[in-house]
Amino acid sequence: MESQAFVKVWDLPLRIFHWLLVAGFFIAYLTEDDLLTVHVWAGYLVTGLLVFRLIWGFVGNDYARFSNFLCGPAKSIAYVKDLIALKTQRYIGHNPAGAAMIVLLLISLLATVITGFAVYGADQAAGPLAAIGPANEKMWEEVHEFFANFTLILVIVHVVGVAVESYIHRENLARAMLHGFKRK
């Protein structure tokens, strides 16, 4: 598909990461206490994916590297203001709002899995934090639930942002995350 009109932006490892993360997060979110084994394994999947993304942020293609898209909060806020006014600049890779969302999602997901390990350790005496003990189990559960819900809110904002950006620039960004190509 690569031609003069299209450019390969999202490489296969990044696309696989993205969709596995979607699946892993939602499986964990929807199973909660009902299917603890599935919930825990989905959490391990998300953990492995986070490790991968941190590494890929330094060694992946140009569009995946943090150094090529991270920016300060002022630039992200200015971009969101332009987005609300429906007059944003088009980016081939991540735009400043997308860059901020990546950082927020990675931090929130990391907090979710760490507190999930704490809950699992406190409740089941299992997992990487098995020695944590049951003393603060309820507190860990509350913090874990907070970050899981906060992550869900971020995901919703992300999807809305992708839809708005797709509309403004007449480009299906979700489809680009399936095949990897965007217009030049």
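Cβ coordinates come from backbone N, Cα and C, glycine included.
Heads up, TrEMBL stuff is auto-annotated, nobody curated it.
Marked as domain 'Cytochrome b561 bacterial/Ni-hydrogenase' by TrEMBL: 9-180.
For 12-30 (among others), the entry in TrEMBL reads transmembrane segment. The list of residues near the transmembrane segment (12-30) in space but at least 6 beyond its ends in sequence, with Cβ under 8 angstroms from a Cβ of it, reads 38-39, 42-43, 45-46, 49, 52-53, 56, 60-61, 63-64, 109, 116, 148, 151-152, 155, 177-178, 180.
Feature annotation from TrEMBL assigns transmembrane segment to 36-56 (among others).
Sequence-remote contacts of a segment are chain residues at least 6 beyond its ends whose Cβ falls under 8 Å from one of its Cβ atoms, and for the transmembrane segment (97-120) they are 21, 25, 28, 40, 43, 46-47, 50, 53-54, 69-71, 73, 76, 79-80, 83, 91, 126-130, 132, 136-137, 140-141, 143-144, 147-148, 150-151, 154-155, 157-158, 161. Summarising the annotation, TrEMBL assigns transmembrane segment to 97-120 (among others).
Positions annotated as transmembrane segment by TrEMBL: 146-168 (among others).
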Restricting attention to the domain 'Cytochrome b561 bacterial/Ni-hydrogenase' (9-180), give the mean pLDDT.
95
Short question: which residues 6 or more past the ends of the transmembrane segment (36-56) have a Cβ under 8 Å from it?
13-14, 17, 20-21, 24-25, 27-28, 64, 106, 109-110, 112-113, 116-117, 120, 124, 127
